[in-house]
Amino acid sequence: MHQMLLLSLLLSQWSRSESLDPDYTVIVEPKPWSDAQAHCRRFYSDLASVRDMKDQRRLERVLDGITDVWIGLHRTSDQLKDRKWHWSEPTVTYKEADAQWGILEPDDYRGPQNCVVINLWNNWNDKSCSEKYDCFVCYNESSSSVQIHDDKGRSWLEAQQYCRRHHTDLMSGLDQQEQVEKVKPFGKSSCWIGLFRDTWAWSDESPSSFRNWNSDSAINPETEKCAAVGGDGGWKSSDCSRKKSFVCAGGNLVLVKQNKTWEEALIYCRQNHRDLVWNIDTEPWKTQVQDQVRRSDSKLVWVGLHYACFFEAWFWVNGHYVPDDHKDWRKPGEGDCGDVAAVKKNGQWVNRKFEEEHNFICVRSCGCCHGN
């Protein structure tokens, strides 16, 4: 009876919904930044890029409490001449032809000045990002309006954090600046806006200007040239040679940290993603599965491998046959009616009874499936 139910599950077609999670995969094995980059490029796509606050929130969910992990942002140069201007709101692109600089600005007066204020005449002046100004301009996307704040002195980063917490971002771009011109005067001679410059770039060459630094020191020239995400979700610069866990982009697998029976896991994957993972003996999925298994909350993790009584053989859920003497079996040749397979932390496959409960791995989609 159970085998008939299992067969109907394997043959059934579920209505699959798109996963709300991004294609981020956390790799817990610590590596220096360059080794982490090489791992991601070999088995995934690249180290993770974070394009906007929506991606940032998704990244925080995927990290699920894991702290101090590499992402794909790194400093490409120590030379001041190599700095590039960006707007804080990543959907807005800086255009030199539209710049509203004051006379002789930007000038790096008395040292590097990487952040910008707008003055009473709506001209821009570069300033040190750590300087404190009482005034800053936030933008509200919902109402397409700006709001000028005039309170305690804040650094550029503190102003950015306030705007992102209470509005959308610091004012970015000339379209938003036109709103500022309608609500003059400021009451103060200079106000922070969302223009900044740096020499940081993404490993995958994404043009995103999004930054989520948690301290002013991270956006000024230092010896630390790689970016990591801290426990509060804020970013910090760090020595690239330090070994840290890291986040890859482009992974197609989802570790579900819920203990379910094999059949419940199969149903969950087909309802919420595509299927239980299959063909895990070939790259890149073999390594991706191992990366996921290391993060699991259970000693074993379900995969989409089951023993078909009628054929007296093992099959993946996509119908592909697996020899019972496969090298990844802990004990080759084993298999009984009702058995299904799980993976141990060391990568070995073990046959288990379907009613046991373990974490499991789903295939997110099939854009890069193999053997389907």
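The backbone N, Cα and C atoms fix where each Cβ goes, and this holds for glycine too.
As annotated by TrEMBL, domain 'C-type lectin' applies to 24-133, 138-249, 255-363. According to TrEMBL, the feature signal peptide maps to 1-19.
The residues of the domain 'C-type lectin' (24-133), classed with DSSP into helix (H, G, I), strand (E, B) and coil, number 28 helix, 32 strand, 50 coil. According to DSSP, the domain 'C-type lectin' (255-363) comprises 20 helix, 41 strand, 48 coil.
On the 0 to 100 pLDDT scale, the domain 'C-type lectin' (24-133) averages 93 in the predicted structure.
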